[in-house]
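As written in Swiss-Prot, here are the features:
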- 76-89, 282-294: NAD(+) binding site (BINDING)
- ARG96, ARG106, ARG134, ASP224: substrate binding site (BINDING)
- ASP224, ASP248, ASP252: Mg(2+) binding site (BINDING)
- TYR141: site 'Important for catalysis' (SITE)
- LYS192: site 'Important for catalysis' (SITE)
Amino acid sequence: MSKQILILPGDGIGPEIMAEAVKVLTRIDTQHTLGVTLVYDELGGAAYDKYGSPLADETLERARAADAVLLGAVGGPQWDTIDPALRPERGLLKIRSQLGLFANLRPALLYPQLADASTLKPEVVSGLDLLILRELTGGIYFGQPRGTRTLDNGERQAYDTLPYSESEIRRIAKAGFEMARLRGKKLCSVDKANVLASSQLWRAVVEEVAKDYPDIALSHMYVDNAAMQLVRAPKQFDVIVTDNMFGDILSDQASMLTGSIGMLPSASLDANSKGMYEPCHGSAPDIAGQGIANPLATILSVAMMLRYTFAQAAAADAIEAAVGKVLDQGLRTADIWSEGTTKVGTAAMGDAVVAAL
């Protein structure tokens, strides 16, 4: 059965890292007879330059028609001065919303070979393996009303709205419990229920959903405490479920526990596990075109795609094992390099993963 994947290289280092991910995907397709068809288009700044919009209508239709979307990265300083509604990031928000991608999965897994890359002591992070599940289409990033107004005294005031409906909370909570069931059977719901009305409803609905999952140990934590605990004792967590803004912040924080955001993939899924897959890192315009970016997060995003959307666990395992082999060989891109290891570029790292498959 043919599987159509929409490839969106994006901006900055996006095209470079995507080229390596496609190399790996092509090889694994041959080895496991997946029947993959690749379709290419643009998103973000590259789409603005080509279509005059960060997400063209025809691109959105291609995304809807595809079984999965693989994205590089979006954004760059050359688009900082354009209409805010046309900024690259708006294309990313729109495609997530239009495809109904409400669940963002961001693992923070520390490879043993990279234990020294973390800024925390090895005993604090060794064996780290947690998953942050972020609600992606609701909350303050999409809430209305929002804007800037001038008060009677002439002062400007900006305002945003943080709404969450019961159904939005229920579906992400259910996803959190399901993910915990596949892992260590622990779920920590992070909110700010001591201050925010939306968080009070969040906590109440999560408690209601918990009744259907008696085998899962549920805990609640305020977001400020969660940020502190991620640094103090991150291994206490298995799955964290939280809202859009809190998840945005905490997942970036958790990514650095591993030493390099260049190692971390992510998945954004709809109710049927159709998804968009992308590295956690940004477009890194400062190193774009130099051939030194780390492609491993994008390659590992391919593994997540095979696991969650296509249910090809063996193929996903093979990619993850190949990445481990390459790290065992001492190959490192600049962001994860240390004394005694071999520094390689983007293409060489991709080739090494292909060779290890």
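Each Cβ is built from the backbone N, Cα and C atoms, and glycine gets one as well.
On a Cα basis, GLY76 (NAD(+) binding site) lies 24 Å away from ARG134 (substrate binding site). Proximity note: of the listed binding-site residues (PRO84, PRO88, ASP224, ASP248), ASP224 have a CA within 10 Å of the CA of LYS192 (site 'Important for catalysis'), given in sequence order. The Mg(2+) site is set by ASP224, ASP248, ASP252; from the centre of their CB atoms, other residues of the chain with a CB within 8 Å are VAL223, ALA227, MET245, PHE246, GLY247, ILE249, LEU250, SER251, GLN253. Most Cβ neighbours within 10 Å, among the binding-site residues GLY76, PRO84, PRO88: PRO88 holds that distinction in the structure as shown. In space, ASP252 is the closest of the binding-site residues ARG106, ASP224, ASP252 to GLY76 (NAD(+) binding site), judged by Cα positions. When the record's substrate-binding residues ARG96, ARG106, ARG134, ASP224 are compared pairwise by CA position, the greatest distance found is 27 Å. If you measure from the Cα atom of TYR141 (site 'Important for catalysis') to that of ASP248 (Mg(2+) binding site), you get 10 Å.
Looking at ASP248 (Mg(2+) binding site) and ARG96 (substrate binding site), their Cα atoms lie 14 Å from each other. There are 13 other CB atoms within 10 A of the CB of ASP224 (substrate binding site), with all protein chains counted. Each of the binding-site residues ASP80, ASP248, ASP252 was scored by other CB atoms within 10 A of its CB, and the lowest score goes to ASP80. Taking the Cα of ILE292 (NAD(+) binding site) as the reference point, the closest of the binding-site residues ARG96, ARG106, ASP224 is ARG106.
The Cα of PRO84 (NAD(+) binding site) lies closest to that of ARG96, out of the binding-site residues ARG96, ARG106, ASP224, ASP252. Across the structure, ASP80 (NAD(+) binding site) and ARG96 (substrate binding site) are spaced 21 Å apart at their Cα atoms. Each residue contributes its Cα atom, and for ASP224 (substrate binding site) and ASP252 (Mg(2+) binding site) those atoms are 14 Å apart.
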